[in-house]
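Okay, structure first, notes after.
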2 protein chains.
Amino acid sequence: MVVLGVDPGITHLGLGVVAVEGKGTLRARLLHGEVVRTSHREAAQERVGRIHARVKEALLRFQPQALAVEEQYFYRQNELAYKVGWALGAVLVAAFEAGVPVYAYGPMQVKRALAGHGHATKEEVALMVRGMLGLKEPPGPSHLADALAIALTHAFHARLQAAKPL
Amino acid sequence: MVVLGVDPGITHLGLGVVAVEGKGTLRARLLHGEVVRTSHREAAQERVGRIHARVKEALLRFQPQALAVEEQYFYRQNELAYKVGWALGAVLVAAFEAGVPVYAYGPMQVKRALAGHGHATKEEVALMVRGMLGLKEPPGPSHLADALAIALTHAFHARLQAAKPL
Ligand SMILES: [Mg+2]
């Protein structure tokens, strides 16, 4: 199964594509990773338009069976939530156009799926991602690491038929 | 000048297209009005995908010179701000694809532009929109009225070379 993980953000959006293999122990391969960067000096439609184009390119190139994003509940700043929403809107348009279903998992679900317990640190999660993908280095930058963690979290849930549609 | 006004929302998104005519007193014609409705029972990408498709259709059909949205500052609920953001993300993608610039005005700017003072009621604004568009009835439903008010607000600002890019 190929999963596109997205860490949504308006200035930095992490995009990671993994191929999950076999049964038994979950093993996966990193197919692609990038961070889409936009600046507040660009017009809003340029920023969101580029995010849309890059997500769509990844969907068409890697033909994932699912797109997974981290659920957002923790914002204090409404304006930030609003602008992250713009980015996710662009992601959703691309998924709709490509006919790919979208799933969402909260931070606790990521920690539980990857490290086995909900109070794991970022570092523990990154270590598990590194191990599962057989990488020599911990995945980076952090937004890409988040995107890969989300993709793998979906893979775990999909195997248990416990996928969570957004 | 043709302006597409959008009242962004995830369950109800108002879309109004006006053609602004001549010099002197601002006069305008209503070319098109609709409210795009989506339900929480639909998948997120269906909702946002439909919003994108309808906005894009209006952009291609009416070839506006500008798309104008109401600026959002006033949300108490982050989740709402986040989901309104999804809708605006879809709008921005459509604007980007169509090459149409996007502008945003706050509620006070709408009231000042249309009613002449910042403490005007919703009804006063609706009355002005009705008058400017030469409608027999006040514009409705309310989301469409808001979209038309935004479109006309942009028209006023554009005449004064005071347009506000998002
Ligand atoms: Mg991140």
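Placed from the backbone N, Cα and C atoms, the Cβ positions cover glycine too.
So that you can see what the record holds, here are the features copied from TrEMBL:
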- A:Asp7, A:His143: Mg(2+) 1 binding site (BINDING)
- A:Asp7: active site (ACT_SITE)
- A:Glu70: active site (ACT_SITE)
- A:Glu70: Mg(2+) 2 binding site (BINDING)
- A:84-105: transmembrane segment (TRANSMEM)
- A:His143: active site (ACT_SITE)
Exercise. Other than its own, how many Cβ atoms are within 10 Å of the Cβ belonging to A:Asp7 (Mg(2+) 1 binding site)?
Worked result: 23
Problem set entry | Chain-internal residues, separated by at least six, CB under 8 A from A:His143 (Mg(2+) 1 binding site) | A:Asp7, A:Gly9, A:His12, A:Leu13, A:Gly14, A:Val35
